[in-house]
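Peer 1: The annotation transmembrane segment is assigned in TrEMBL to 20-40, 52-71, 91-110, 117-143, 149-171, 220-242, 262-286, 307-329, 341-365, 377-399, 411-434. The domain 'Cation/H+ exchanger transmembrane' feature in TrEMBL is assigned to 32-435.
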Amino acid sequence: MSLDINSTNSQYENDTSKKSSVILFLSFSVLSACISKIIFAKILKNKIPLPFTVAVLIFGFLIGIIVTQLKNINNDFILGEIQLSEINPHLMYYIFLPLLIFDSSFNGHFHVIKQQLLSAILMAGPGVFISTVIIALCGIYIFPYNWSWLIGLMFGSILSATDPIAVVALLHDSGASRSLASLIDSESLLNDGSAFVIFLIFYDIVTGKDHNATNIIVQIIKFSIGGPAFGLICGIISVFVLNQINNELEVEITITFGLAYLIFYIADVEIGVSAVLALVAMGLYMSKYKYCISSNVQPVMASVWRITTYFINILIFTVTGIILAKSFIGTASSITSKDFGYSIILYIIIHIGRIVLIIVLYPLIKCTGVHLSWKECIILAWSGLRGSMALILVLIVSLDTKIDLITRNRFLFHVSMIVLLTLIINGTSSKFLVRILGLHHGTKESDIVLLQALEHMRRQTSWKLSRMKQDEKFSDVDWKMLNEYLPHKLLEELDEENNTTIHRQLSTNTDHDLPTSSNRNNNHTEYELQTIPTVYQTDSLPVTPIIRNKHHNDEDTLLPIVNIRNPNDEHDKNIRNELIIRFLTAMSHDYEKQWYLGMIRRQTLDILIKSIEQAKHKCSLQLHWKLIVENFQLTIFLRFLMKFNYFNFINQWTNQLLFNHIFQTIELMLSFHSMETRMDNIRLNFPELANINERIMNEVCKEVKMYQLNAMHILLDLQQSYRLCWILQMTRRCAQMLLKYESVAIIQLYETGMLEENEYSHILELIENKLFALEYGNVKLLQNQKRILENPFDFIPYFKSLSPIEKDKWKCQMKSKYQWFQPGAILLQKHQRVSNAYLIVRGIVQCKDDIMPIYYKCGSIVGIDALFTEQSLSHGVYTAHGGLVETYLIDKLLLNVFLSDEKLSRSIYNEIAFHMIMNNYRKSLNLTPPQLKMLLNEKAIFYKNQSDSSIHLETNQRLFLLSGAIKQYVNEGETILNSIHLNILDTPVMYKLNSSSIIYTWSTDDEVYCSNIKKFKINFSNENNQIISVEPFYPLYLGNSIEFTPRRHSSSMTRPIENPSHFQLIPSEIEASNRLKSPTEFVTF
């Protein structure tokens, strides 16, 4: 009995020793991989074009070959290698694959992947099928193995799974087309799933499972649709849960890892759908709403996932190399020298097949909006590397005894050979191919921008260097020795790496004969200011001067004049697109910074970033504005609720949803309004940008100015129309700022020792909880205050002077006339016969005619001129401009009621006269619409229904006949004038009125008085004749901030910012800026 126990214990210890030896080998592999990367980067200076993953694969392969040749050597290192070479492929599948797939989808750029998604689906759907068939044909008709179609198709499905990790990394590092790298990466993600689905179908058939046509179709649908559907549902739930968590670093990161494994297992084992496609769908959905991760956690999470995938890639390619070595040795009995030749033929056919599928699918890919050059198509064909997925699938086959042993060995050999050949040949040569094709740098226009960016760096460094040379504290510096660290050396290294000529274009003389220690005691040296020439000679001087020694050698001229201006229209278009993309990128950083500052919420940031990415794809500022405005539209669900206003609880729910919608509209406009500020900062801090093409730069700035003014006009209207929403938004912004200031104060107190660490962490946590509460706009209201919108009737200016009883009467009468319009909706078509006019209470209406657009706001009644005359047609196209527009419908009957009311009639007649003059006599009067409003309201004399009255008008007076007829007496002659008529007098005239006459008269002096009001450009107040300033009227985010680095030592607390130079938290300037002025040509009233 004792011997049995000892034997059992000894066997247990041996098994434990064997298993623990795996840790020894893996540790050695990981450390060796890291050392090799350091050697490649630091010692060899990346001169050997071997991707890191390929180097790890070769390392594992060589170790595997060596170990298999060693006999009767028993140590822990070799035991660890043997254990790994015999690893179960299902274990690799469940350990490594979930993390790699989730990382590629979750940490990818969703909006870039989305643009390539249809193309990737074509490559991963029909493309995989074409590739499978071509490889199957090779296995059936070229290989002398007498394989059946089922065996051939299973073999083809294994080799259809691509793994272009080396090529994608190379494209990202080289600055090549981002869309090409995204297409290859997206194809790989979906390719793994589709190839695995095809493999399972034929694998089940070969191993004897039920394979009738119905089951096959069900399986295809189940895998291809069920997997993504399940992943999408899980993604929605995950985003909702993560949105409820705030700055819990360990929790949020752990959740993402747990989700990757859990969803993969449930999809594959419990539900039986494609686990790969489920994880891809979930990862892409979470990537779309990546801001569900707290702002302070995001940088840390990105680092954790980057380290994790780096570690996994080392392990998986090491294990792959070992397995490849074992497969070559283990299949030696079944493999002959001819099989090596067949593998090379298969390698060639695989690439021919990939070229064929690209040619076949290219027209369809082009239809999806992805345009690839012939050079990019070559890279796409060369990127069909095979890796871990193909190896996992073939290992699954090799372990299945239901398949013939020789067939299994041949599968294992050929797949191992293809994996080895593609990774070594394609992976190694990709860098050369990218360079040969000229894809290792960006477009010509992006290179021009890069050139100016480097010029900016050189100028700034030169300016700093000149200041240091004047400073006595630096008198002991050896300036010649310092040359090694100046920008020109950096540019030389950059040129050497990328085979470019940047240094030649920005050539500088490195011979700086500047003061050294030998002249430390010299007399005072005279200096003069000399400006640094820019790359392109311009009339304007650069912003920053450099101080130069008067006695310094003239050889120090820093730059020659390089003229690369091209009058080509295509070149100008590309330059414009490049500038717009750079500016949109700067805006996206601004939006993210505002989120870090707490100025906007996650859902608002999602909308802004989504619109930015789509606008960058089309190189269009207009598209960015258009997509933002689209979010001002009411949702279908909210419009549905608004129709069912019969129940009180539904009304309350509708009011709350509408309130939240307006709240978000204000938030979007406030964020977008910083656009011009960002452009001004770019032009101020990067003056070289204008040297690229000043005309195009000015055009882009004007376009930015136009959209920024549109945003200001909408904000002004929102401020007046939705007071409670506006007040809550301003209160929330102010609260965010104060809480950020409190955070800084707490950190400063901690750093000065005034607070203990536990006190500091606790207080900071309380502040963060308040910030998180504000994330959802939960500003506490005063007692008896509700989150409901103001009654639109209260905004109508015509009823403000009425008594409460009269207001209630009109409110009841107007209630049924209420109508609202979505942004962009048309109220009246041009030349349309008008049966209803629209009294605007909220929003802005734009009228487009043949001269210039006119903008109407609260109190204006569009279409009232055509409705009043009954014979007129609509003057122009009236559309809801920017946001929602709320109106009251005015028909002919209601208009007559207005005109019959003595308290309202004058205001309504003024409105009719205004539209009549603007639409018919605008060129006759040198007045803007607001000035004309003032003229009619304050200066013009109004005559209504004064029978047999006479009026005498002198020279240079004006008479406007709105309604009825009058008699005109000039030089004892009588003329009858009928409405509508504007008479500009050059001689004295007498008019005789009748009971139907509606007349306005004024003088030239009145017009001059109104036209002299220069600031009368915008009027967004409720009173049409009130003048207001158009300067910023809210705490404005200007993109400037104070840097601080919060130090948190408690493990339960997270750092608010990983890199404070990227995201500064505290605005140093929230006062209204006086720089924003509205041009006179953009007028609203």
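Backbone N, Cα and C atoms are what each Cβ position is placed from, and that goes for glycine too.
Annotations in TrEMBL come from automatic prediction, not curation.
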Peer 1: Below 8 Å between Cβ atoms, which of the listed ranges 20-40, 220-242, 307-329, 341-365 makes the most pairs with the transmembrane segment (52-71)?
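Peer 2: Selected stretch: 307-329, with the most Cβ pairs under 8 Å.
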Peer 1: When only pairs 6 or more apart in sequence are counted, do the transmembrane segment (307-329) and the transmembrane segment (411-434) reach 3 or more Cβ pairs under 8 Å?
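Peer 2: Between the transmembrane segment (307-329) and the transmembrane segment (411-434), contact is present.
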Peer 1: Where, among 91-110, 220-242, 341-365, 377-399, do we find the most CB pairs under 8 A to the transmembrane segment (117-143)?
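Peer 2: Highest pair count goes to 341-365.
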Peer 1: Taking pairs 6 or more apart in sequence, does the count of Cβ pairs under 8 Å between the transmembrane segment (91-110) and the transmembrane segment (341-365) hit 3 or more?
Peer 2: no
